[in-house]
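According to TrEMBL, the features are:
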type	residues	note
DOMAIN	2-490	domain 'Major facilitator superfamily (MFS) profile'
TRANSMEM	40-60	transmembrane segment
TRANSMEM	67-87	transmembrane segment
TRANSMEM	99-119	transmembrane segment
TRANSMEM	131-153	transmembrane segment
TRANSMEM	159-178	transmembrane segment
TRANSMEM	190-210	transmembrane segment
TRANSMEM	222-239	transmembrane segment
TRANSMEM	260-280	transmembrane segment
TRANSMEM	292-313	transmembrane segment
TRANSMEM	325-342	transmembrane segment
TRANSMEM	348-369	transmembrane segment
TRANSMEM	466-486	transmembrane segment
Amino acid sequence: MTLLVLCLALLVTMLANTSLSVSLPFLSRDLGASTADQQWFSNAYALVFAGLLFTTSALADRYGRKRMLQAGLVLFGSVSLYVWLFVSSSAELIAARGLLGLGGAMIMPVTLSILTTVFPSGERTRAVGIWAAVSGAGSALGPVIAGVLLQYFSWESVFAINVPVAVLAVVAGIRYVPAHVGRRDGHGGLDIPGALLSTAGITLVVYALISAQHVGWTAPRTLIMVAVGLLVTAVFVVWERRAADPMLDVRLFRSSGFSASALALTLVFFAMIGVFFALSQTIQIVYGYTPLQAAAAMLPMSIMMMLVAPQVARIVGRFGPRATISTGLLLAGLGLAGLSTLDVESGYWHLLVPLVATSTGMSLAMAPATDQLMANVPRERAGMGSATNDVTREVGASLGVAILGSVLSSSYAAELHDSLVGLPAAAREAATASLPGGMQVAAGQGERGDALAREVANAWMHGSQIAYLAGAALILVAAAVTWLFLPHGTPQAVSSAGSDRREE
């Protein structure tokens, strides 16, 4: 039951994070959200989440992971309830997404750290596999559930669904999550300088990369924030090397298994979240799917993840983590490359095959990569390892939306530029700001409208193709990194080593 409760809590955060993508056209229409606003709906969550992960995990390690989990679920449910009932502007939703990011930072890392503490090394690989399967399937199911809700209800329903799930997780957690898990009972002090430095460094870098798409990548503001963020992060690393009780034991990165897994997860989420930011709008606006049709179109991803995930432990046992992770990443990269061949005339089968390949590859790669990372972390610092795992995912996701979103937006605007000659400046600005904006401008152009709508769709697909290829290239780089640097042993051997380190 403990694993079930942890997976339910994890599901809350995964559904909330990915269901937003299907809602973007509705948010653009009802809240007047621009492309920049839509990116901030995602980035506000990621920015707060990534910036506070190490801090919340350190607090959970010291004062109790169950306490942190329960508090995070209460916050997550309360903010979702507020959005459901009261939010009416983009600014309010961005602020609420930031608070959801705080709740997610309190929930997601402790689910994995509790799991790796409760389950012995012999059972951990299977438990982590189930955790990763829920993470992946939850990510894929988010758009599906959102699509069904949006077919019959308003966009607020996408947040309303979080409330009963959070309540159920809180009630079940009271009974089935051990209260003692993670409490260090006074061993060492809280690393307050480390908490401040990690939060400031990660937040500055992620914010700089997000804002760069609006002010420019070479703008002084961008360069200064990146430089300061990297400097603060470097100071954090130096501090952690010298701290008696560090928030992050940077010596873990000497392990090729730990470092390669962290890098692979970063690149995977960079590519996947950035790509699906584009894909959600392509399916609904370019191809004209209703939310329910879009949900059905994405459903095979969830099905494949749930079918493949239970087999991953057996596959890893036979072929080892190195071959399994690398093969999965290769398959996912080829799937994203397949998406780059989509155009405005593509049928569903042209979309389905790359989606199935991508989801199958992710299922093969994510669980063993997570297990490889956690196997190197001492049991009493499992929160630190889980935070590292989540930071790699969220920083990668944030970078994906920022960089691939910027590539898509700039390519779309450049491709559409010549088609807008002769239109008023306000119409040109609205058309290049977002895909819904372009379609709205085209709808008001009378006889010219149909032709302009086709140009808008073609320009969007051009930008999307570039984003898909960039995502595919990054995942293939991750495949090469894992093949070159992951150890050749089986996960059991790695886990045993991890257990030995824990008991020393």
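Here the Cβ of each residue, glycine as well, is placed from N, Cα and C on the backbone.
All TrEMBL annotations are machine predictions without curation.
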Residue numbers, six or more beyond the limits of the transmembrane segment (292-313), whose CB comes under 8 Å of its CB atoms = 22, 125-126, 129-130, 132-133, 136-137, 140-141, 143-148, 150-151, 280, 283-284, 324, 348, 351-352, 355-356, 358-360, 362-364, 367-368
Comparing 40-60, 159-178, 190-210, 222-239, 466-486 for Cβ pairs under 8 Å with the transmembrane segment (325-342), the winner is 466-486
Segment-segment contact (the transmembrane segment (131-153); the transmembrane segment (67-87)) at 3 or more Cβ pairs under 8 Å | no
Sequence-remote partners of the transmembrane segment (466-486) [C-beta within less than 8 Å, at least six residues beyond its ends] = 256-257, 259-261, 263-264, 267-268, 270-272, 274-275, 278, 321-322, 325-327, 329-330, 332-337, 339-340, 342, 365, 369, 372, 400, 404-405, 407-408, 411
Per the Cβ under 8 Å criterion, with at least 6 residues separating them from its ends, the transmembrane segment (222-239) contacts 193-194, 197-198, 200-209, 211-212, 215-216, 246, 248, 250
Long-range CB partners for the transmembrane segment (40-60) (under 8 A, at least six residues beyond its ends), listed in sequence order, are 17, 20-21, 24, 27, 33, 67-69, 72, 90, 93-95, 97-102, 104-106, 108-110, 113, 182, 190-191, 194-195, 198-199, 202-203, 206-207, 210, 247-248, 273, 277, 383-384, 386-387, 390-391, 394-395, 397-398, 401-402
